[in-house]
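According to Swiss-Prot, the ATP binding site annotation covers GLY30, GLN31, ASN32, GLY33, SER34, GLY35, LYS36, THR37, on the basis of sequence analysis.
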Amino acid sequence: MRLRSIQFENFRNHRSFSFEPEDGINLIYGQNGSGKTSILEGIHYCALTKGFVSAADGECLSFSAGYFLLTALFESSSGIETAVRLSYTKESGKKLQIDGNELKPFSLHIGSIPCISFSPPEIVIVSGPPGERRRFLDNAVCQSDRRYLDNLLIYRRLLQQRNALLQQLSQSPGKDRSMLQLWSENLASSAASVTAGRVRFLAEFHPFVELLHRDLSGGQMPSIEYRSTIGRLLEPVPESELRERFLQRFQENEQQEILRGQTLSGPHRDELIFLSDGRESKRYSSQGQQRTFLISLKLALFQYFNEKIGETPICLLDDIFSELDGKRTAAVLDILEGCGQTLISSADLKNHPGSAVHHLQTTPSTRNSEV
């Protein structure tokens, strides 16, 4: 997959801007505040309908603008073109068109344009709370497994409905509980599907992480553990068994869940643990080691997607080299040479041999790219 062109209107600090990257490695170079990250974020929006920077759609509007518009043309490795038009207004929200046709729900677009991103704030995937790791895992599996995305959306809907019933029972202790058993059974089946998809993905993904991280870290051995609310899951388990274990846990926790008005077990509370040489990275690794682990995860995703779905992802790397030493920078660049189209933002021209350089210069209303 490659991006042939993208146009920005009123997207962050790009009032009117067109960008045409080349194949291979592209360096987007400019001063801080010139809009380098915004270019990557706009591409990410077109690929996955959201930015990799944690922000609401409205925060991406240029100052005083009432809308933003992104139009992009992608080309697959087999030569098939996909035209993406994504717009947002304060009044009607976000709209997506693919090849001129409006697409709903947006989830139908996920996986069509495989995309890997890296940005410094994503260090929380390694160092932050469990929700950040679950989000990373879900985003990764959704791009490579359409069934998983469908199962995840079903699970979230069932969880919301079961929680609503638990809140009703909490507020009315004498209310009939017969419906709770039905919701528990439905949620247990859905939780089993989501959990099985996650564990299956990790079993396939881990060898890619192991190989890359050992190279980038100087020989450290990575491992990934999936700690479910029904116990540690170190290898794939039949869905039927997972369903029974979830249902049993719901029944065991029923009284406490009613008191608290929420579901206390399930994929929404599971934990993903990253370890390096057997020690939890979140607790025992330095910030530099955590960053290296994150880069290993992201580059491993590229290799996994390339093999799993048969399409080369686009790599969007925001300021990836800022805290890496020369040895690790060289190692990452060696890997990126084989990663298809890669876009790197940087305020530094050093350590980017062989890159197509796009220098961002600013005017009051426009951002221009010059090679």
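Any Cβ shown, glycine's included, is placed from N, Cα and C.
Small disclaimer: the values here were computed from a predicted structure and weren't measured.
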Study note, to complete from the structure: Around the Cβ of LYS36 (ATP binding site), other Cβ atoms found within 10 Å total 24
Review point. Looking only at GLN31, ASN32, SER34, which of these binding-site residues has the biggest number of Cβ atoms within 10 Å around its Cβ?
Key: SER34
Check your understanding: Between GLY33, GLY35, which of the binding-site residues has the fewest other CB atoms within 10 angstroms in the structure shown?
Key -> GLY33
Exercise for review: Count the other Cβ atoms sitting within 10 Å of the Cβ of THR37 (ATP binding site), across every protein chain shown.
Suggested key: 22
Review point. Tell me, by DSSP, whether GLY33 (ATP binding site) is helix, strand or coil?
Key: coil
**Study point:** Cβ neighbour count within 10 Å of GLY30 (ATP binding site)
**Key:** 19
Check your understanding: Which residues, same chain and not among GLY30, GLN31, ASN32, GLY33, SER34, GLY35, LYS36, THR37, have a CB within 8 angstroms of the centroid of the CB atoms at the recorded ATP site?
Key -> SER345, ALA347, LEU360
